[in-house]
Amino acid sequence: MVSSVKMILALTVLATVACTGYAIKCYQCDSLTNSECGKDIKSDSSLVLDCTKMAPPRFLQNFFPVRNATGCMKQTIDIPGNPQIVRSCYFGNIADTKVGCQTDPSLTINKLLSCEVCTEDECNGTSSLAPIAGVILLFFGLARLLA
């Protein structure tokens, strides 16, 4: 009986962790309107957005049948003589960023200088080991419970 309860608990925890893995959270800001979004962003939860609440930009919607974000991105865009950093959710194929990284074609004066794409929560900002440490602790706690 106790073994069955432990197994159900373990499966519930694993299912919860797996489900939250699909909802990626990314920094959403630009350095033009928010100086905190510059080259070295400080950890600020007010700039973090749950990407499930965001649709792809209108100019990309014809390219992607799936409307879920697949990662986070950090773009450096040159607005004639003034490089700006834009952080947002990424929609598209992580392995082929040509389409997903493009800028709005109606803004013809903007030039994309770089685009970095990643697939972990808040990875388009300052890196943090806190999420990794939490998963490791959860794993060892679950292993101890099942032992």
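Cβ coordinates are placed from backbone N, Cα and C, and glycine is handled just like the others.
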Consult Swiss-Prot and report which candidate among CYS72, CYS89, CYS101 shares a disulfide bond with CYS115.
CYS101
Output the one of ASN68, ASN124 that, of all these recorded positions, has the highest number of other Cβ atoms within 10 Å of its Cβ.
ASN124
